[in-house]
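Enquirer: Let me begin by handing over the structure; questions about it come next.
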Amino acid sequence: GDILDDYLRTDGVWILTRNKQFYKTNNEKECAEKCEAERNFTCRAFLFTRKKLQCLTLAENAKMTVMFTSTDAVLYEKRIYLMQCKRGIGTDYRGTEAKTQRGIPCQKWAEKVPHKPNYTPEKHPNAGLEENYCRNPDADESGPWCYTTDPAVRFDYCAIPECEDQCMQCNGEDYHGEVSRTESGLECQRWDAQEPHMHGYTVKHYPEKDLKMNYCRNPDGELRPWCFTTNPNKRWEYCNIPRCSTPPPVSGLGSQCLSGKGEDYRGRTAITESGNACQHWNTQFPHKHGWIPDRYPCKGLEENYCRNPDGEKKPWCYTTNSSVRWEYCRIPPCDRTEQGIAGMNNMPVQVPLTEECYRGKGQSYRGTTSITASGKKCQAWNSMFPHSHIKTPERFPDADLRDNYCRNPDGDSSPWCFTTDPNTIWEYCNLKRCDDHTQE
């Protein structure tokens, strides 16, 4: 590839730096070559001025010093020094983490106290042993490490996250790495080519899916990244992208109401538009299916809540009715008025409990089931529609009459609720009694 591919380019900026060298070059590529060959210091970036054709190699990048505007200058920073994550075992990690996974500050590589190091900047000039930054000069399988400042602990590993372009989170929908071979070793066909396989996965049709070169991608919600192959006899194949060991960043709590197609809906509606109760995603009865929660870790396939894992027009679920495979759910739309947003912000955030059984008469039951034994949805306790009643949260303050969850405020034989069916005032809930031998 191009030598400049290893640099991040920013137009119109200048950075203040103490360690620098001036060179006269004809273009940015020649300047990059000077940076690669620099021996006076570790070259992390270079500045190139178009008018003067002047090249400055720099020991610092914008993360380490002050930046200001300069119309004629272009700043090129080495990507490797901007990365705060590791690729593979991290032998090329050049970030600035300087404490161990237990929080002990690292000893400087050039110092001999409290530990006399085997790995020093003199012995390993290309290993990036600067300051006291975590590094992996010996290609340790467990990743970057450092000598510690604790006399009782000679060395320890550092908690460096993996770079997501080398591994995949979720099902690799956001994978932007450069793997371009399939799991059986076939070379990938370029996305902008129609030979040997014709297809519709083009940049024009999928502008936001980063269909670059012939890199493995997941534009269509498959299990993991894939590509068309250059073998005429094999149309497509999955690529072998490792799953990141660090969990994906939590992107908010998910929406409790319907916006767009509801792909981010994480509410607890578990009944279809026609009133069928939803089948649990981790079961295969009464309907067999492929939306297994372990396979799709970021789709929110918990319990039997309505979800939209496949880009349908709105959330749906498989039903517990053996003659109806699946149906859409009725999710309240997000109210975009100020009052609605204020109301959403003031809603208490509740973590769904997975308590699916009750003890005794169930007066202590505090789970989140809100479906009756016949599959009807429960009416909210603080609502008087469609049934007026006196079992309100105010009158029964100790009964935890939250939302429309099944409860037993009045000592009945098991948890129950009023239903949203105008023809059925109340019913017992779809709950089993806990086996008394199981641990609480």
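Heads up, the Cβ atoms here are built off N, Cα and C, so glycines get one too.
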Enquirer: Looking only at Cys188, Cys244, Cys257, which is named in TrEMBL as the disulfide mate of Cys227?
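Expert: Among Cys188, Cys244, Cys257, the cysteine that TrEMBL links to Cys227 by a disulfide bond is Cys188.
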Enquirer: Taking Cys429 as one end of a disulfide recorded in TrEMBL, give the other end from among Cys406, Cys434.
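Expert: If we follow TrEMBL, the cysteine bonded to Cys429 turns out to be Cys406.
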Enquirer: Determine, on the basis of TrEMBL, the cysteine among Cys239, Cys244, Cys257, Cys417 paired with Cys334 in a disulphide.
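Expert: Between Cys334 and the options Cys239, Cys244, Cys257, Cys417, TrEMBL records the bond with Cys257.
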Enquirer: Which residue in the list Cys329, Cys357 does TrEMBL annotate as forming a disulfide bond with Cys306?
Expert: Cys329
Enquirer: Could you state the CA-to-CA distance between Cys239 (disulfide bond) and Cys317 (disulfide bond) to the nearest Å?
Expert: 30
Enquirer: Counting CB pairs under 8 Å, which listed stretch among 1-80, 84-163, 166-244, 256-334 touches the domain 'Kringle' (356-434) the most?
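Expert: When the Cβ pairs under 8 Å are tallied, 256-334 comes out ahead.
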Enquirer: DSSP on the domain 'Kringle' (256-334): how many residues come out helix, how many strand, how many coil?
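Expert: Computed counts for the domain 'Kringle' (256-334) are 0 helix, 16 strand, 63 coil.
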Enquirer: Given the disulfide-bonded residues Cys244, Cys334, which one is most crowded in terms of C-beta atoms within 10 angstroms?
Expert: Cys244
